[in-house]
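Trainee: Below, the features straight out of Swiss-Prot:
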- SER11: phosphoserine (MOD_RES)
- SER82: phosphoserine (MOD_RES)
- SER92: phosphoserine (MOD_RES)
- 95-100: motif 'Destruction motif' (MOTIF)
- SER96: phosphoserine (MOD_RES)
- LYS98: ubiquitin cross-link (CROSSLNK)
- SER100: phosphoserine (MOD_RES)
- SER104: phosphoserine (MOD_RES)
- SER107: phosphoserine (MOD_RES)
- SER111: phosphoserine (MOD_RES)
- SER112: O-linked glycosylation site (CARBOHYD)
- SER115: phosphoserine (MOD_RES)
- SER119: phosphoserine (MOD_RES)
- LYS137: ubiquitin cross-link (CROSSLNK)
- LYS146: ubiquitin cross-link (CROSSLNK)
- THR203: phosphothreonine (MOD_RES)
- SER246: phosphoserine (MOD_RES)
Amino acid sequence: MPRSFLVRKPSDPNRKPNYSELQDSNPEFTFQQPYDQAHLLAAIPPPEILNPTASLPMLIWDSVLAPQAQPIAWASLRLQESPRVAELTSLSDEDSGKGSQPPSPPSPAPSSFSSTSVSSLEAEAYAAFPGLGQVPKQLAQLSEAKDLQARKAFNCKYCNKEYLSLGALKMHIRSHTLPCVCGTCGKAFSRPWLLQGHVRTHTGEKPFSCPHCSRAFADRSNLRAHLQTHSDVKKYQCQACARTFSRMSLLHKHQESGCSGCPR
């Protein structure tokens, strides 16, 4: 340890310490070289300090508990283990490798969490939290309600049709009630766009015209059907005369006209 740590700091901050005086005033920190045997013997502490139990009186623990604490009888443990060792070593060389069955696997240790302990823990949890038992019941009721709603069918009161959604049933009921009525002729329709196409037949408006010819139509669906007549692909064929048509309606009209098997 440096000697600067052993110096006492002066009280006056302006005063500078004199280290030479401090060395003369503390002669016990100076040792003579080389050390002789007398100095070494004086530095060794007495036996009372090295072994305090020899000089201190017996404590309460030593007088009361120490006689009860006896060393472990290792010999008795060895004697208890010796029959097992003798039993294992008593097998002869013939039995050790011929006709001996393999040792059975060790039985599993009994689980500390048995069914009774689990049930008791659940009972304690339900007793501590009364609302805990209602949560599974509420979930079960919600699942049952969803299943009933999924299985529930909406029946039409005008016919025997059934629908899984209420919106689909309402759209179907419009086909019975026909709420869209024409103001000119009184004809009713289930959809407003159907009524709009019908009104054009009274006004003569035909906003949908064919780009290939001069024909025009009041409804877009009629224009779409007319465009198939301009197509090169005619997939509807008459089996009697092998004529092809672009629309199924034209094929039916051809068959109703009395096809004799030859083109006219």
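Note that Cβ sites are derived from N, Cα and C of the backbone, with glycine treated the same way.
Walk me through where these features lie, including what they touch and how far apart they are.
Mentor: Taken as a whole, the motif 'Destruction motif' (95-100) shows an average pLDDT of 48 in this prediction.
For the recorded site, THR203 (phosphothreonine), the DSSP three-state label reads helix.
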Trainee: These are the modified residues: THR203, SER246. Which one scores highest on other Cβ atoms within 10 Å?
Mentor: SER246
Trainee: Quick one: pull the CA-CA distance for THR203 (phosphothreonine) versus SER246 (phosphoserine), whole Å only.
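Mentor: Checking the Cα atoms of THR203 (phosphothreonine) and SER246 (phosphoserine) gives a distance of 30 Å.
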